[in-house]
Structure formats: structure tokens, C-alpha cells
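Per TrEMBL, the feature domain 'Cation/H+ exchanger transmembrane' maps to 28-440. Annotation comment: TrEMBL describes 20-39, 51-68, 80-97, 109-132, 171-194, 214-236, 256-281, 301-319, 339-362, 382-400, 412-435 as transmembrane segment.
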Amino acid sequence: MMELLRDCARNFGGEHELVVPITVFVAVLCLCLVVGHLLEENRWVNESITAIIIGCIAGAIILVLSKGKNSHILTFNEEVFFIYLLPPIIFNAGFQVKKKHFFQNFLTIMLFGVVGVFISALIITAGSWWLFPRLGFVGLKPQEYLAIGTIFSSTDTVCTLQVLHQDETPLLYSLVFGEGVVNDATSVVLFNAVRKIDVSRLNGRTALRLIGDFLYLFSASTALGLSAGLLTSYILKTLYFGRHSSIRELSLMVLMAYLSYMLAELFELSGILTVFICGIVMSHYAWHNVTESSRITTRHVFAMLSFIAETFIFLYVGMDALDIEKWKMTKLSFGTLMAIYSTLILLILLGRAAFVFPLSALSNYMNRRADRIASITVKHQIVIWWAGLMRGAVSIALAFKQFTYSGVTWDPINATMVTNTIVVVLFSTLVFGFLTKPLIMYLLPHHASNNKNVQPKSPKDDATLPLLSFEESAATNILRATDGLSMLMARPVYTIHHYWRRFDDTYMRPIFGGPNHGRAEC
């Protein structure tokens, strides 16, 4: 197909061989936007499903035109995914996150997004390591089994978020959205940590080193993202770019966010986690230091870049599903392949259930005395479990990085794993995605959502528990600290959030910008 397109390009001018392929791909992207808009109102399908279906159709047409040789318009390597496509998706997720609900449910979100990834990856790794050889699929290395666990632990919650209503189910929406973005960042960090360890001798020390590498990558990447976000906020607040040009404000935010990602990659950290944290910090501080027009523009520009990048990925996935070369390289029978696909889907189901329900019970127990935080009901737990069954852009990107070189592989085992990932993404997005709305409508009817799932109001401002004061006696401070510790044991999430708001209002916002928490916050 590339030869066919290049022949067409030569007819228009041989020096522009990539003009025609890129033009065709952009035209298909535009088609995705139009079809997605027409299907938006019924809310049965999302942009991911639309892009995959159109990608499959476009791939089939190209496959016919190329006489069965290729289904791609363009061929990309895995670096394109990580350097150009994933950063805007993850940054926008951090920038658009509803910080109030996110941090009120921070502990639960971190349990799902961090601890849950470890549990899910462990189950998928162990299950595939044990079952694949018994199904006749052999040849994978121990490190590749560990990579498989992280690849298939990354979720895509877009389908569920399009059905949920933030105003009607604020707790559920916050948990699904928060876990989704933290899950992506954690999966990438864990994937990078797995690729660095020596798996020739798997023992307790190796496991500790894996955890140590993960903690180092997680903390260092977080620190870099915080630094980049705070530096940008301070520059915007101090220099006031908007008095000359709002374009400079937007340009500085975009470039600083991307610079944080590239610095993380340069220092072998997690660029995904760094740019996610940078997005949260910029929306918390920097966004308030720019002009009103820039505030509106930033939200729309970042959302647009994320939307195009995600549509681009799913469109390419749809085309890649018809890549004949990968299917030809697979030496396994159809029955064996179906058994592998079914095994992966089953492991994803089990791995997801293994942490959602136990960690939900743990979260309810820890927050049992917190008046502000509603409990996670069984119906909520089922929706959270279902929301994380879809696999998407991050899984595809990690699979390409692990099993291909520059987007191409000539190894039958690697080709099989790439096709396995594509099939799982297609199946989970199409099948689970189509069933998402009926499931949520059955579990959470509209009238029940309006009446039962609204979080209770804050009882009162705990002004009796301020930060320690140098102006009061030691006995008074000790009593306040004791009361604070008791409150922390009884309501850990609310207490941490309460003290952080006081610290933020007193020290951070005067330096880096933003309104006082007493004012309305998005």
C-alpha cells in the first residue's frame, strides 16, 4: 500500500512522497470526528469505538487496494506513541481533573490506581505464566510475562465516563476518573521498572528491588512534575505575561509541560507521571495567573490535543488489526489463539475483581466515621469494576514498546503478543463498551442517582483544629495535636485534605497564585 500511495505521490511531485499518506490519514481522522458527532447524542458509543470501527473499515479498504499486502496508510514506531501522542492525553487528564472531588477521595483513588495495578499485574502475570505454556504458546521470557501483567493492567474508562453524570454521581465519577488517570501513570511507571530489573534470578531481593525502583520512579517523577508546575505558576504570576500577549501564556504552559515530560524521559523517569502531576499543579495554580481569555483557551486547546491524539491512536489500532504480516507470522492455530484471547480476558476480569471489591471494603472501613465521604455501595463497586475492563491507548503503546522495534517485528512470538493486545483492546472496547450503558442504567437508574448518590454537605468547618501556633502555650499545642491525631485516625482522608487546604491558603497560593479555598473551586 505504501508503494501504491508513493506512486500516487510521485504523480503530484516525487519530492513529497509522504504528502498523500498523511492527507489520507487526516481525512480519515476528520471522518471520525463527523461520525462521532452524529453518534454522540445516543451515548451508546464513544469516540474510541467510532475510531476503531472506522479504522477497521479504512484498513480493509486499503488492504483490498494493496491486494492483501498492507492495511496501513502510515507506519509508526513506538516512540511516536510515547513522545507525541501520550503526553497530551495524560497532561489533559491531570489538567481537567476535578481537584475537589479528586483529593477528597484521594486515598481510595490511590488504593485503586496504585495498589490495584500491582494486584492486577500480579494476577495477570502469574496466570499467563502458568496457562500460556499449557495452551501451546511458549517462548516468552520471564521479563516479558511481567511486562504482560503491566500492559493488561492499564485501563481505559472513557466509555463509562461518557455514561456517568458528574452532577448526579459525584463520588462514583470521581473514583472512576481519578483511578483511570492514576492507573495509566502507575502502569507506565511499573512497566519501566519491570524493564530495568534482572529477571534471570527471580527471588525476594528482586521483588524488593522492583518495589524500590517503582517507588524511586514514582517519587522522582512526581517531584519533577511538581517542580515544573510550580515554576511555571511562579513565572506567570511574577512576570504577568498577559499584559503583552495571552499567546505567550498559553505557549509557556504547553512548552513547560512538554519540557517536564522530556526531562523525565532524559533522566529515565516516568514522563507520563511527571506530565500528569504537572497538569494538576498548573490547573491548581498557573491557570489562575493567566488572563480570562487564556483560561478559556487553555482548557479547549489541551482537550483538543488530547482528543486528536486519542482518536489517532484508536484509528491506527483499527487499521493495525488488519495487518496481514503480523497474522501471517503467528504460527499458532486458530483454536490456540482463541484460547489465549479468552485467557487474557478472563485474567483481566479476575485481576480487576481481585482488588476492586476488597479495596472498596477497606476504603469504606477507613472512612466509616467521615461524614463528608459517602460509602462505596455494591452497585458502585460493580460499576467501578466494569469501568476498568476496557483496554486502550496505554496498553497499545506499551505492547508496541515491548514487542516491536520501530513498530515492526519479525519474531512470531512478538507478533502474536501484539495481535493479542490488539484483539483484547478491540474486544474490550467494542463489547464491554457497548454493554456499559445498559449495565449502568440497570444498576443506577436516573431517579436513584439524583436522590441517593449525592454526597452530604460538610458538617462544619473544623476551625478548632488549626495548625500549631507559636503564640500559644505548649500544653495547648499538645492538646491540639492530640485532637488532630485523633481526627486523623478517625477520618484520615478528610483530615489530610483539611490541613492541606489550610497550608495551601497560607503559604502556597500567595506565592504561586490562585484564589482562597473559601471561594468557589471547580
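These residue numbers are counts, starting from 1, taken along the chain as shown.
Note that Cβ sites are derived from N, Cα and C of the backbone, with glycine treated the same way.
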Interface-richest range of 20-39, 171-194, 301-319, 382-400, 412-435 toward the transmembrane segment (256-281), CB pairs under 8 Å: 171-194
Recorded stretch that, among 109-132, 301-319, 339-362, 382-400, 412-435, has the most CB pairs under 8 Å to the transmembrane segment (20-39): 301-319
Contact yes or no, the transmembrane segment (109-132) and the transmembrane segment (301-319), 3+ Cβ pairs under 8 Å, gap 6+: no
Stretch among 80-97, 171-194, 339-362, 382-400, 412-435 sharing the most Cβ pairs under 8 Å with the transmembrane segment (301-319): 80-97
Proximity verdict for the transmembrane segment (171-194) and the transmembrane segment (382-400), three or more C-beta pairs under 8 Å: yes
Contact between the transmembrane segment (382-400) and the transmembrane segment (80-97) (3 or more Cβ pairs under 8 Å, separation 6+): yes
Positions whose Cβ lies under 8 angstroms from the transmembrane segment (412-435), at least six residues beyond its ends: 44-46, 48-49, 52-53, 137, 139-140, 144, 148, 151-152, 156, 159, 314, 317-318, 320-321, 325-327, 329-332, 337, 340-341, 344-345, 348, 386, 389-392, 395-396, 399-400, 402-404
Same-chain residues at least 6 beyond the ends of the transmembrane segment (339-362) whose Cβ lies under 8 Å from its Cβ atoms: 108, 111-112, 115-116, 119-124, 127-128, 131-132, 135, 137, 152-153, 332, 376, 380-381, 384-385, 388-389, 391, 416, 420, 423-424, 427-428
Tertiary contacts of the transmembrane segment (80-97) (same chain, 6+ residues out, Cβ under 8 Å): 177-178, 180-181, 184-185, 257-258, 261, 265, 271-272, 275-280, 282-283, 287, 298-299, 302-303, 305-306, 309-310, 312-313, 393-394, 396-397, 400-401, 407
